[in-house]
């Protein structure tokens, strides 16, 4: 059930409001205001308020309308919420020429204040979705979204990256709010955050994000580039230009930004004045703001939000409705709640890791080269004790080399990389032991020698037991001798042809058990284990005839 009522809005004008009553609860919809939909918890995990999100985006009036999502993101305490409230004034008073309101009226809407501490946390959206007619007659839903500032004293880099990336993924117009200039670190942070967002999205040949607007606040060089969009376009063209004389790192940052966004633009906005910056009781009254700022603000907001400027949200080329945006919101937050994505790292941490990994690689390479000189491919067999002595000596030298390299991060940070180096060197040593053993002629002849001994022993036992009348034992020994002879021939064929290498490894394992242990029980146990592990190889080498397998299955049934 719907009722119309004429109300005074927050900006002094009258507007027709339609209040909806559900069939269950005859209560009017609450007054519009900011609603936090993404909550950053104390343990730096993220929670989506699905109830609030559904209530706003799935209302009957907007859920099937194509959506335009406008977001403002950037460093904390740079006036993002202050700007969002002027956007609200425009959206509520679009038809009025003097939409900025009365000069004595305080600025309300999204929570904001002066000072050095953060105000907004997580992501907030305005609870009222604005229905706007575009020039082609299509009615779209406009969603305004305010975000937590990056790099405040209570947020990790992952917090900042997640909030920025998520707002960029959800929005169709992302305003990157910057102070005074576009510096190289601003571009590098943008590269990091957008890449963090792109990782969470499905791969596509299209650019993953839509419109990016660099909003440079407190611009102090209008004599170089004038205030507004034209000056901003010339300024941004110079800042994002890729030239051959640039360092590769600088080129990659600019190429990455161009590859992520369909449209990139810039607006240069003057400083709002000293009263705004220094007055602790400033409440947003226009009379305290410089005229130059207000003049350009009146250009900026319509430039962003006029019907012809609105970009409908698209994902993979498909236009998204409010209903669809809810599903994408849920899907994206699940990715950031999990551990699938790598955690972004600070420049110090990333540099320290690279520094330590480079030291590990250098030390390991030194060990490798010296071990190759001692027992490499063309070197003769080395006694195992001598090889172990050399290994321990070179390992100590490699560890000393690692410790001698100047590394970032400190001793505690480097300790796990030292453990990694020692572990990798031990693994290399095992490979060198195997390689060295393969050069030992006695080691190479171990398997055939063992099999010959088994054949000889079973031959003698068969002869003796046959002579004294123990025919059963003699027959058993003859059978073992025959199987061993077949095994020897099979092993020789494998060595010659290179086929059935896994079966050859089984034969070597059994021979090694007989050679090293000298225990029949141990040998039989290894034979059983090897046979169980490589059963498929036995069937491949000695296939059972079809008729025989059928008879066996019938006997089992009997």
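Positions of Cβ are set from backbone N, Cα and C atoms, glycine also.
Swiss-Prot annotations:
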type	residues	note
BINDING	77, 78, 79, 80, 81, 82, 148, 217, 218, 276, 279	GDP binding site
BINDING	81	Mg(2+) binding site
REGION	439-447	region 'Linker'
REGION	521-558	region 'Autoinhibitory domain'
TRANSMEM	450-470	transmembrane segment
TRANSMEM	472-492	transmembrane segment
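With a cut-off of 8 Å between Cβ atoms, the residues of this chain six or more beyond the transmembrane segment (472-492) that come close are 447-448, 451-452, 454-455, 458-459, 461-463, 465-466, 500, 503-504, 507-508, 541.
Computed over the region 'Linker' (439-447), the whole-number mean pLDDT of the model equals 65. A simple Cβ count within 10 Å picks out one of the binding-site residues 81, 148, 279 as the most packed, and that one is 148. All protein chains included, residue 218 (GDP binding site) registers 17 other Cβ atoms within 10 Å of its own Cβ. Secondary structure from DSSP puts residue 81 (GDP binding site) in a helix.
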